[in-house]
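Here the structure is laid out as structure tokens; the discussion comes afterwards.
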Amino acid sequence: MFCFLFLSRYEGRFCEIPIDPCYHNPCENQGACIRTGYHNDKFRCVCPINYSGRLCQIYIKDYCASSPCLSNATCENSPHGYRCYCPSDDQCDKAKIKNLTCSTTLFNNTNQCVYGICQHGKCSCFPGWKGDFCSDDIDECKMNPCVNQGTCY
């Protein structure tokens, strides 16, 4: 005699041994699965850099990659953008400086359009970005694009 449960989380002659929840690695994007209990299917994922979420399914954008800060300021990522820490009281966030048009001759020939390109003195934003300097992230999930109870990330 033996027990059998299709798609069971148990094995053994009487289905008494819990299967390791990390056996099939439920963590996404090369996340590492760590079992946190023996008599149940509890686990947690240790996510690689730039990923978060219970299963490492959420990509975290690196807002500082485009160097949006000026004057040797330190850029710090946050969940929905970035913050410039200035070495003095000066404004050092390109996106907050008024009356600045983009140009390849300003600021050491770097593009002032954070997530876009400079065309005819104005920033043309990449998809998903808006604002004078393309530094404002558009939250596409606000429009609820998912159907059938899908979750937007």
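The backbone N, Cα and C atoms fix where each Cβ goes, glycine too.
Please treat TrEMBL annotations as automatic predictions, because they have not gone through curation.
These come from TrEMBL:
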- C47-C56: disulfide bond (DISULFID)
- 18-57: domain 'EGF-like' (DOMAIN)
- 60-93: domain 'EGF-like' (DOMAIN)
- 137-153: domain 'EGF-like' (DOMAIN)
Determine the Cβ neighbour count for C47 (disulfide bond): the number of other Cβ atoms within 10 Å of its Cβ.
-> 21
For C56 (disulfide bond), the nonlocal same-chain Cβ neighbours (under 8 Å, six or more residues apart) come out as C27, E28, N29, Q30, G31, C45, C47, P48
Taking all residues of the domain 'EGF-like' (60-93) together, what is their mean pLDDT?
-> 75
